[in-house]
Amino acid sequence: MRFAPRAGVAALAVLLLSPPAFARDTSQPAPRLAAVAEAAKVQGLKRGVVSTANPYAAEAGARVLGWGGNAVDAAVAIAYALNVVEPQSAGIGGGGFMMVHLVETGETFVLDSRETAPAGATPDMFVGVPNPSLQGVAVGVPGMVRGTAWALEHWGRLKLGQVMLPAIRLASQGFEATPRYVSASCNSRARNSPEAEAFFCPGGVPPAVGQLIRNEPLAETLRLIATRGPDCFYVLKPELGCDIAKGIVEGQKFTRSEAGSKGGSMSYADLQGYQPALRVPVEGRYRGWKLKSMPPPSSGGLTILQMLAMIERFPIGDASQGWGFGEPKTVQTMVETMRVAFADRAVWAGDEDFVHVPAAGLLDPEYVAQRSALIVPGVRAQPDPTAGDPRPYDTKPLRRSRPLAVAAPIDGPGETTTHFSVVDRWGNMVSYTNTIESSHGIGVFAGYTREDGSFRNFGFLLNNELTDFNLAPTVNPYTGAAGSNDVQPGKRPRSSMAPTMIFTPEGQPVVAYGSPGGATIINSVFNVTLNLVDHGMGLQQAIDAPRVSVASAGSNVATETTMPQATVDALKALGYAVSITDIGSVQAVLVDPATGRQYGAADSRREGTVIALPRRQP
Ligand code: GLU
């Protein structure tokens with residue numbers, strides 16, 4: 001069913017949709033992505049590339065590719081290895097989104113292993129709770145173990161036990177603490193519980209860079225999963241030695257000392273019932289290139305595609321017209337695009353399994369044109385943009401008549417979450433963002449106190465993903481009903497994670513990329529996309545270039561130290577509040593569709609590492 005757009009809106013849309021003189025004719029094949037030509041200056045290899053935010057995890061992925069594993073095998077190996085070497089960001093206590101492009105069928109899927117709210121969760125469960133992201137009440141039912149097992153079973157070539165070997169080895173034999181690991185070790189979240197503090201920051205002192213870090217409890221947990229299978233994580237079976245579930249259920253009862261503290265309500269049934277979901281990416285086009293990104297429960301893909309569609313009418317890359325990378329006009333137009341899109345995101349994004357997300361309406365050309373009309377270069381919209389109503393343009397029938405989302409703000413980049421990308425020798429690609437939400441999740445290891453009073457520690461941190469929900473019940477401004485991102489039992493909290501891929505107009509995969517950074521993820525992916533498509537940058541250059549981000553309809557703009565000062569000044573002169581900070585951490589792989597040669601680029605904002613196979617002899 002399709003609602004007829006109002007006449008006035010339709011006329012405006014037609015006007016805006018007539019292509020301006022500078023628009024590229026998208027019926028013609030797009031030129032080669034400049035990043036491909038740039039990459040081709042060094043001879044790419046063809047046996048697989050991994051790009052991760054940590055050198056040990058890159059090594060784990062490369063080994064698995066070397067053993068004959070495909071991109072999914074390598075991705076699972078990387079995810080487990082990251083739990084050991086980047087425990088503050090992601091791990092088996094959390095969840096994520098694995099986008100997979102399968103070369104054999106040409107299909108692209110997302111395996112959604114996002115955490116869910118337990119059956120006992122309620123919309124007001126955070127109300128009055130101090131520091132909710134550090135309390136057991138924030139812990140969602142973890143998804144990574146069943147999610148990665150599902151992916152491996154359906155798409156992998158190797159067995160779970162084999163791909164977990166590098167992680168088990170790293171946990172039991174140890175790795176040398178990296179600067180980033182050290183710098184996060186004594187933050188307040190890492191010290192939220194006595195066991196976490198004793199491990200990360202013993203005696204209030206972080207480990208030295210290069211110090212050997214071993215996590216035998218985690219090694220033992222991983223061995224249990226590797227030998228007994230994923231159910232050993234989700235189901236309490238003491239007769240088989242499977243007591244991890246007890247560690248999760250007991251661990252999420254954690255409370256802090258201040259009044260009003262609250263533990264979680266997760267039960268064994270919640271854990272046992274967790275299921276990952278197979279999803280189809282959202283798709284759009286930008287200057288002829290095809291993009292696939294993360295659908296709900298993430299807001300990421302829809303917001304990115306909407307921003308690209310809104311900004312496409314501006315000649316972003318054309319220096320002769322005063323645009324081009326880093327120019328005030330370009331950056332300020334990006335900022336206004338973000339503000340408009342984030343206003344929509346705040347109202348319409350949520351978990352599609354529970355609420356209708358008007359995805360088709362948000363990306364409908366007429367609706368996009370109406371929203372794009374709000375973007376005026378050189379003008380800071382005042383008052384702040386508000387959400388539009390995409391429902392009249394939503395071609396899909398409303399699946400349910402549940403209320404729509406009103407969102408709470410999400411934390412900034414911090415230490416958490418990790419993105420990595422992989423391509424294998426066959427050309428299969430993975431773009432995977434994995435998280436436990438904030439740095440060190442709730443700062444509590446899964447574990448329980450044995451009868452003899454000793455602590456059975458499982459060595460992995462519990463997530464605080466449920467604080468991605470609205471922290472208090474909200475009201476939808478259009479319907480007056482409860483917000484779609486309000487807590488509901490079994491629901492996935494709204495995410496911003498946006499594993500993304502760019503394809504040629506004909507559908508051949510070229511780039512896989514994504515980022516951590518809470519709501520700024522959306523903007524990091526947007527910045528890199530413009531760098532690749534409009535500014536003709538090479539892949540590494542597109543990642544290195546300074547980013548700009550505003551993650552709400554407001555005027556608080558973040559940018560990075562290397563953004564031209566004249567542009568920062570121009571933004572300030574228009575009344576934006578500008579702060580300088582690192583934004584995101586993008587890991588990408590690229591394949592030249594013409595030659596099949598493969599490349600990677602990683603982000604120096606964290607400890608980005610690329611390994612291409614076969615390894616060159618020194
Ligand atoms: N939990 C956040 C999300 O799903 C990601 C957190 C981060 O990247 O820092 O959007």
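Just so you know, glycine gets a Cβ as well, placed from its N, Cα and C.
In TrEMBL, annotation is done automatically, which means it is predicted and not curated.
Remember, predicted model here, so these are calculated numbers, not experimental data.
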Problem set entry | Binding-site annotation, TrEMBL, L-glutamate: partner of ASP468, SER495, SER496, GLY518 in ARG63, ARG114, ARG146, ARG157 | ARG114
For this session: Going by DSSP, give the three-state secondary structure for ARG114 (L-glutamate binding site).
Result: coil
Seminar exercise, completed: Whole-number Å distance separating the Cα atoms of SER495 (L-glutamate binding site) and THR417 (active site, nucleophile) is 12
Exercise. Between GLY518 (L-glutamate binding site) and THR417 (active site, nucleophile), what is the CA-CA distance rounded to a whole number of Å?
Worked result: 8
